[in-house]
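What TrEMBL says about this one:
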{"type": "BINDING", "residues": "CYS31, CYS48, CYS50", "note": "Zn(2+) binding site"}
Amino acid sequence: MESVISNMSEENFEESFSQEKFDVFYKCMRCGHETALEELARLPEIKCICGFRVFTKKRPGLVRNVNAI
């Protein structure tokens, strides 16, 4: 019985995790080329087309204002 419950919870977790997928982009520090995470995952090593290996994660240009209490 416990194994059935644990399997059901794992399935629900996997479904919710797959639904929350979003695109993550990385920017090369040398040339500025933007690369998707999926493209970097396909390569045998994390490297830009220019040969540089240092990336920054591209953040959304969102500004949030939070009011103090």
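Cβ coordinates are placed from backbone N, Cα and C, and glycine is handled just like the others.
Automatic prediction, not curation, is the source of TrEMBL annotations.
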Determine the minimum-neighbour residue: among CYS48, CYS50, listed as binding-site residues, which Cβ has the fewest other Cβ atoms within 10 angstroms?
-> CYS50
Mind giving me a neighbour count for CYS31 (Zn(2+) binding site)? Other Cβ atoms within 10 Å of its Cβ, every protein chain shown.
-> 11
Near Zn(2+): residues not in CYS31, CYS48, CYS50 with Cβ within 8 Å of the site Cβ centroid are CYS28, ARG30, GLY32, HIS33, ILE49, GLY51, PHE52
